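J.: Below you'll find the structure I mean.
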């Protein structure tokens, strides 16, 4: 829409702006220009959410029962567990509610507007549609506006579009309503920053109607109500254990014909408490907290504990490009000169360290040590040159001040002098940083690598001085300067800019040390193949040209001459290629994801060919995955139509597809360019429909809705916006993609450990339950039930064998093969059929062996005398019963403690020589088993404690039964695991896609190994 039409639409005068009264009226109609949230839940509501957890309700009931039987210690422990779990959950929920506050703080506090013919400053929240706003370098745009009166305006829209470079603005209208935000060059958006120039704008959207507001609204509407598999599994287990506890109480009552005296009631309540693993939530929370601490040391801050569980089953990572896979630092990596050909530049970042190399032809007959070289002639058809190439060998030469070709020296001088940026070194940290336009910083770093940066050229030795500057103009996309050498009196015009704007200014080209005339059209045709080649590698191509001032021009004041008269008759020097380079660790990290069967997808606001090139460099696309298309047949700016293959799409192409069409695609695209917030949400939803568990990494405001929708949102800590951080579950403090892989590895370790200690805790409870229920069959002379353990002994056994070994398994280190397995199914949950089978098998085995020992002591080696009233107190008639209880207590306690070692490997052998040598690896588990054994012995032998409190007696020859039973248990355990390895399918079966990813990792690993051996 034309600016005049916008003015008419909003009924505003371009010369006077809105009147004060009209602005106040519109503020009432449209509301304040601010983010409106859904309201933060009260602290009381957040606290209620934690207490409403079903397992917490069961623990509260356990406290009531513990108080009923006057077991103050048990009650105190369970209360501590409840308080701890509630406090941790409350803190995490409270932090998660700060997202909208962050959005509110992003807007500019004041804006300059035209009202009633006067330019005034108003609070940004008072902007209304129709206001005429003034923008200049350094301003934060207060509202979405249609620009006019633009002068060299560039805005940083990375937070909205993901673009690495500022976007040059122009007043021309566009007709396509589906044009991506980054291509709407006549608009500026709320919360973006003006990096250069000035302009005026007509406000057309404020508050929640702005682009940032739409993201805020989407963020509010994105719910994460779906529980994780772990949460669902724990809830189901809670209901099941509650049902078993109630059933156990009824069985105890029924076994005593419902003649419920005090001892029977206490036994029933103790059995019910033993059924419920009251330490489970505490162990889960502490295990995840330890995992959080481990990740914090590896520079990943986990804001929500459940994210660790989700990380363990991740199948897809959707990653932003700029600042995540790349360094967000523009670097010049390649140059091309007509005769000399390509030069490659090493070194990344702002530090001026790196080599410039080129391939040169060395004549075969050339004597050894001769430094003369013959540059390849890229465009010549001279037959003599071809013959020379046939008899020449190629050599890589490092360029320096001594061997630098004359044209290359000129192009370096142009890069340094036709440049307004600076690079500096921080005196405190020693880090280099740039000041100015990112593209110009890249050119300045390049020149500095060759000791020809602007400060070096303008020093007393070289004596270059800038006489005149024709600044960069977004309308003509070029810049030029006039530089004078005070030592030689040489004056040169250096010109740089977009190739299509530099070439029309040129009438000749530098070819080696000679200059040859060439028409602009012929020059453009000559350059197109090189531009295509650099473009396919994702490089932004600039051209540099020069000419000497004529004697007449030297006498003039160049500042008073129009640039149209100066930027003519130029000599073309060459091309330079600049891009945002991948992080060095991105490729190995992507390969590690493939090793684990995890697909990586790039979602970026950049251009398609740039995105595809970076995707190939980091391994997201393989060589056979993309077709770069024909760049020569596209109009300027028509990047949407590039044919990059089915795995590389633009947001426009993807957004046009319906959900049904997306679901019919054999493979979802691995790269989506020109990405909008809605596109990111759409790809995540598509992955969810394919049962994917999705990680989304990002840093901008535009990433916030997708960060919240993803199963795990990961924000960048250094470059990320505050909104993105608050919307995420994990924050990377080093912005390193490799840290995501470490987080996934930790997530897998934590979930595996949760399975391990759940197996120990619950199978131990099952063992106690089986033993105690079968023990109801033993009766004394009076027909009363003789309990195999007293109620207090049940609780003590539960305390010794429950939480300590489970917590030790929670810190078990990851096995080396943990990333060789494909992701576990997101729907499998914690208690798979195999885990349930393990719990039942080991629980029944421990329970049956324990109650068998009770029978052996009583009837196998004893006379079967059950005594009288042995549930109440010790007497001589109860001696055998008390010794049998001591045997059961020792068997049950030690078997469960040893079972903790069984659970270190749920399938692999644990009691062979190789694993026995690793018995001490988990020092916490070893300490827990030793401490539990010592406490078990103390309980059995301390006078008074054993007979009066625990109602059992010290044992002697019965230890032989206990040790033989433990040996039998270990043998049965190993036979059971052997049968599982032979009969059951692998724990995780890779899908076809996961298998393909693992093959890619294998091929790259073999290729890297072969390359290392070749060296």
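Placement of Cβ uses the backbone N, Cα and C atoms for every residue, glycine included.
TrEMBL labels come from automatic prediction, so no person has curated them.
Pulled from TrEMBL, these are the listed features:
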- 1-71: domain 'Cation-transporting P-type ATPase N-terminal' (DOMAIN)
- 367-386: region 'Disordered' (REGION)
- 46-69: transmembrane segment (TRANSMEM)
- 75-94: transmembrane segment (TRANSMEM)
- 233-253: transmembrane segment (TRANSMEM)
- 265-295: transmembrane segment (TRANSMEM)
- 839-862: transmembrane segment (TRANSMEM)
- 882-903: transmembrane segment (TRANSMEM)
- 924-944: transmembrane segment (TRANSMEM)
- 956-976: transmembrane segment (TRANSMEM)
J.: So if I exclude everything within five residues of the ends of the transmembrane segment (233-253), which remaining residues of that chain have a CB under 8 angstroms from its CBs? That is, six or more out.
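T.: Those are 54-55, 58, 227, 260, 264, 267-269, 271-272, 275-277, 280-281, 284, 762, 765, 769, 773, 776, 829-831, in sequence order.
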J.: Look over the recorded stretches 265-295, 839-862, 882-903, 924-944 and say which has the most C-beta pairs under 8 A to the transmembrane segment (956-976).
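T.: Highest pair count goes to 882-903.
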J.: State the mean pLDDT for the domain 'Cation-transporting P-type ATPase N-terminal' (1-71).
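T.: When the pLDDT values over the domain 'Cation-transporting P-type ATPase N-terminal' (1-71) are averaged, the result is 76.
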J.: Please report, as numbers and ranges, the same-chain residues at least 6 past the borders of the transmembrane segment (839-862) whose CB is under 8 Å from any CB of it.
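T.: Here the qualifying positions are 758-759, 762-771, 774-775, 778, 788, 831, 880-881, 883-885, 887-888, 891-892, 895-896, 899, 902, 958, 961-962, 965, 968-969, 972-973, 976.
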